[in-house]
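A.B. asks: Sending over a structure as structure tokens; questions will come in a sec.
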Amino acid sequence: MYKTGILNSDISKVLSDLGHTDQIVIADCGLPVPKDVKKIDLALTLGQPSFLEVYEVLKQHMEIEHVTIAEEMEVDNAPIFEQVTKDFSEIEQVNHETFKALTKNAKAIIRTGEATPYANIILQSGVIF
């Protein structure tokens with residue numbers, strides 16, 4: 001049994017399997033999951049766990065070279081937008097419909113209990129060397 005780090009075996013496995021440019025998504029509880037994409041459902045109740053709780057943990061354990069968000073997040077979810085833009089200087093913003101289409105390329109979508117609009121992000125894996 002792990003003493004530290006990510007205890008969720010599905011998330012741990014997905015992260016360890018990521019190669020350069022592979023993508024995972026952290027999603028609010030409302031984002032549709034394409035049928036051929038692995039869904040890791042962490043949602044317990046509305047708001048738990050939050051997007052930011054999951055995001056902060058993944059940031060610590062993943063080499064991230066690129067992020068994509070829905071442009072609507074800037075206006076409709078300023079608190080999460082501010083945190084993400086504080087962490088990454090370059091962020092690709094696309095409309096929400098395009099964002100949803102891009103999720104079909106993800107290795108996995110991690111569904112949180114987040115219940116605020118547009119609390120979704122695509123994280124693209126970098127390399128550690």
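Glycine too: its Cβ is placed from the backbone N, Cα and C atoms.
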A.B. asks: Given that Swiss-Prot annotates HIS96, TYR118, ALA119, ASN120 as substrate-binding, name the residue from ASP28, ASP36, ASP41 that shares the site.
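C.D. replies: Swiss-Prot names ASP28 for this substrate site.
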A.B. asks: From the centroid of the CB atoms of ASP28, HIS96, TYR118, ALA119, ASN120, the recorded substrate site, which same-chain residues not already listed sit within 8 A by their CB, in sequence order?
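C.D. replies: Everything else in range on the chain: ALA27, GLY30, LEU31, ILE69, ALA70, GLU72, MET73, ASN77, PHE99, GLU114, THR116, PRO117.
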A.B. asks: Could you measure between ALA119 (substrate binding site) and HIS20 (active site, proton donor) for me? Cα positions, answer in whole angstrom.
C.D. replies: 24
